[in-house]
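Novice: One structure, as structure tokens, below. Some questions next.
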Amino acid sequence: MLNTLLVVGFGGFIGAILRMLSINLVNKFFPYSISFGTLFVNVLGSFIIGLLFSYAQNKGLSPLLKSFISTGFLGAFTTFSTFSYQNLLLLQSGNYFNFALNIILNVFLCLFAAWLGFLIFK
């Protein structure tokens, strides 16, 4: 258990640093009102988690390496990758109702929660 915690922590450390550097670099080249840096890390993280789980299903992957990449690195680099993976599983299983519901609830409830949090300190 301690090994897993250390591996996840190290992955998170790397992911957090790369997220900050990536967002700053992309936003420097695309200084628009929306953060293309955040979009970049979310899309890249979603792509990486798709690669990871496809590789793990087809070729196998040690639980420690899977934890390092998915929970540690991608957990800090972006949480959108997990959301994308969960929706991909729903889509692949043909569960279209829950696929749509999960997307709608996540997007709107997260925006609502952010709005509520904003109101508290307004």
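From the backbone N, Cα and C atoms, a Cβ is placed for every residue, glycine too.
The transmembrane segment annotation in TrEMBL covers 5-26, 32-56, 68-87, 99-121. The Na(+) binding site feature in TrEMBL is assigned to G75, T78.
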Novice: Excluding the flanking five residues on each side, which residues at least 6 beyond the ends of the transmembrane segment (68-87) place their CB within less than 8 Å of a CB in that stretch?
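Specialist: Counting only partners 6 or more residues beyond its ends, the transmembrane segment (68-87) has Cβ contacts under 8 Å with 7-16, 18-19, 41-42, 44-46, 48-50, 52-53, 99, 102-103, 106.
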Novice: Give me the count of other Cβ atoms within 10 A of the Cβ belonging to G75 (Na(+) binding site).
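Specialist: Step by step: centre on the Cβ of G75 (Na(+) binding site), count other Cβ atoms within 10 Å, giving 19.
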Novice: Taking residues 6+ outside the transmembrane segment (5-26), which of them lie with a CB under 8 Å of any CB in it?
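Specialist: For the transmembrane segment (5-26), the list is 35-38, 40-41, 44, 64, 67-69, 71-78.
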